[in-house]
Amino acid sequence: MATSITAGLQKAQQAVQDTATKNKKIVDISHDTVNVHTDQEQRTDFGVAITDPDHWLRVTNETHSGPSLLEDHIARERIHRFDHERIPERVVHARGTGAYGNFTLKESIEDLTYAGVLTDTSRNTPVFVRFSTVQGSRGSADTVRDVRGFAVKFYTDEGNWDIVGNNIPVFFIQDAIKFPDFVHAVKPEPHNEVPQAQTAHNNFWDFVYLHPEATHMFMWAMSDRAIPRSYRMMQGFGVNTFSLVNKEGKRHFVKFHWIPHLGVHSLVWDEALKLAGQDPDFHRKDLMEAIDNKAYPKWDFAIQAIPEEDQDKFEFDIFDATKVWPEEQVPLRVVGELELNRNIDEFFPETEQVAFCTSHIVPGIDFSDDPLLQGRNFSYQDTQISRLGVNWEEIPINRPVCPFLNHNRDGAKRHRITKGTVNYWPNRFEANPPASDKGFKSHPAPITGRKRRDLTPKFKEYHNQAQLFYNSLSEVEKVHVKKAFSFELDHCDDPIVYERLAGQRLAEIDLPLAQAVAEMVGAPIPTKALRDNHGKTSVRLSQFDFTPKAPGIISRRIAIIIGDGYDKIAFNGMKAAILAAQALPFVIGTKRSAIYAQGEDKNSSKGVIPDHMYDGMRSTMFDATFIPGGSHIETLQKNGQIRYWIAETFGHLKALGAMGEAAQLVKEVLGNVMGVQIAGADSAEPVEWYGVVTARGPESAESLSEGFKVLKDAGDFTSKFFYQISQHRNWQRELDGLASTVAF
C-alpha cells in the first residue's frame, strides 16, 4: 500500500510534469491512463474484488494440500492474461524506445504546401517519436552496428502525419519488392538463428554484393553513423521522396531532415561492443535520463525541395532511395524545431503499440513515384494489422487528436461505439458526409508509359554517390570505415563472400580502402581500381560537419572517481562546475557507502555517498572522467580496475581530467605512451595533452566552479577540461597512434 507521503510526492511530481509538457495528445491519452500508486483495492478485469491474490483455490485439510480447482476463475484469469501478454514483435525495428514532445514551425512554407502543420507558425503540434535499431529482436542490445529508426508521429489538426525515417539518408534497395529478401539476408541465418543484431555474417555480405544498388548504403553502415553515441546526437532522414502541393496546385518533390542541436556524435567500435554487454539499454536509458533532467533533446527540421518541372535535371533519379540530393545542388531549408520533453508512463501501450505508416499524410503532403515508398505504403499498413489488429488506430497512442468519424465498422478489438442507424454512404440522412474543401486530394500528376517490371536507366548507376560519401569523410572517419569492413568480413567464413566484396566491390569505390581491407581479411589484394574514383566531395556527409548548435557540455555524463582520502576542494569544485554547465556528474567510489575526504573525521562527518561503486560501472558509460588528488590515490594505484578505467578512457579517446596526486596516477597508467605530458606539483598552469588535462590541486572550490568558459585556449583547468569534453573525442590521439599503445 502506498503511503500518503509517497502518494503525495508522486502526485506533486506528476503535476509539475503535466504543467510543463501538457499538449493535446497528453490530454487525449490521459483519459485512458490510470495510476497504480493508489490505495484502490485489486479487482479482476470484470470488476470483482480480489481478497487473496497469492493462493489458488484447492482442496486442503490440516495435514495435506490437495489438487487445485479449475473453478478458480480469479486464478484462471491471471494465468490466461499472463499467457497472452506478448504480441508479434516488429519484423524489423523491434528494439526501440520513445518519447513525447512538440513540433514548432519557425518559418511557413506556404510557397510549397497548404498543409497546416507546415504553414501555421502559431501551432504547437504534439508528436511521439520512436527510435530503434533495425536488425535485432526486442531483447537485443542498443549499441550494435546498425541503422537507427527515427519515426515521428505528428498529431496535427488535420490528422496524423508520420515521417517514418532513419538516421541514414539512403537505403539498401531501390524497389520494395526486394524487401523480404533483404531482411532475410540481414537477419540471423536460418539454419542456426545466428548472429543476433549484426551484419557481420555471410548472408548479408553475399546479398549486398549481388545487389550493387546497396553499395552506397553499406558505406554509410560501415561508418560511424551506425554506432551513434545517443539518439539525441544523430540525424534523422525521411529517406523517401515525398511531394508538397501548394494552394495553386504546384508540386515540389521533397526530402525531410532532422538535425540535432547537440551535434552528430558516435561511439567508438570497441566501446560499442563492450556496452552491448555492460549496458544493453544504454541508448534508451540515455534518452530517459536527459528528459528527466530537463536536458530536452532538440532537432532542427529541414527540407530539400525540387520543383516538379526540374525532376529530370539531375544525374541521378530523384526517386531513387539509394541516392542523396547533394546540398550543393539542392540546398537545405531549416523551417522548424522538434523537442522531446516527456517520457512515457508505460512501455507496452505506448512505445510497443505505437504504429507508424508512411501512408499517413495530411492535405498538402503527397507521395511520389519513389518505388521503395510505393511498397512501404502497403507494407506498413499491412504489418500493423498483423501485429495489433485491424482497429490498431483506435489504440490511444495511435489515434488522432482531431475529431474523426467514418463508416468503418467492426473487426477484432473494436472499442469505439458509433450511434446511428446507417453505416454507409450515401445515406438518406446525409449522415457523416465526405469533406467538401478541406479533405485530402491527390495531386493530378500526369502519367505516361507502358506496364513493365523495370526502373529508369538512372537507377542503374550505383557507384558515384558511394565514392562521394567516402571522399567526403574526415581522415579518422575513413580509418573507422576500414576497420569496420575488416571486422565485418573477418566474421564471414565463406571465402567467396569476403574475397569478392573486399577485392572487387570495394575496388570500385576506393583502391587504397580495398587493398587495406583485403589484406586484413585474407582476400586477394587488388592491384588496380575497377572504377576510377571521381574525387568529388560534398558538404555535410561527414558527421564532423555537424557540431553542437552552442558550445558546451550540456547533458554529458562525467564520472568523478574517489576513495577515502580524496581532495574535498577539488571534488566539490568540479562537481559544482559540472552542474553549473548543465552536465551530469556521477560519483564513482571504491564502495557505495560513505567515503570521507582527506582529513575528515568519520565520527563528525557524514562523508559522500557515491552514486555507484567502480565495479558496478565502466568508463564506457561516461563521456569523460575526473579524478581529484588526495591520499586516496594510494588506494586507487593498487586497484587494477581503476587503472583499467583510466586506460580505457584514454583508449576510447575521451577527455580525462586529474588534479594533484591523480596526475601522477594517470602518468603511471599511460606509461607506455610516448611523450606523456602532465602537470607537476609545482606547475603554475594546467597542462592539456591530447585531451588529458592535469593540474596541481586547486586553492579553493570556487577556482574550479566559477568563471569557466568552454574555450580551446582558456587558461584555467575547468575551461580546458570542459572544452575537451565538448569536442566529444580527441581524434588526434587515434590518428597519431597513441590510443593503440594502451591496453584497454
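Just so it is clear, glycine is given a Cβ too, placed from its N, Cα and C backbone atoms.
For H93 (active site), the Cβ neighbour count at a 10 Å cut-off comes to 21, with all displayed protein chains included. Residues annotated as active site in Swiss-Prot, with sequence analysis given as evidence: H93 (among others).
Taken residue by residue with DSSP, N166 (active site) is part of a strand. According to Swiss-Prot, the feature active site maps to N166 (among others), an assignment based on sequence analysis.
Counting Cβ atoms from all protein chains shown, Y380 (heme binding site) has 17 others lying within 10 Å of its own Cβ. The annotation heme binding site is assigned in Swiss-Prot to Y380 on the grounds of similarity to another entry.
DSSP classifies Y380 (heme binding site) as helix under the three-state reduction. Here the Cα atom of Y380 (heme binding site) is found 12 Å from that of H93 (active site). Spatially close to N166 (active site) yet at least six residues away along the chain are V134, V147, R148, G149, F150, G236, F237, V239, judged by Cβ distances under 8 angstroms.
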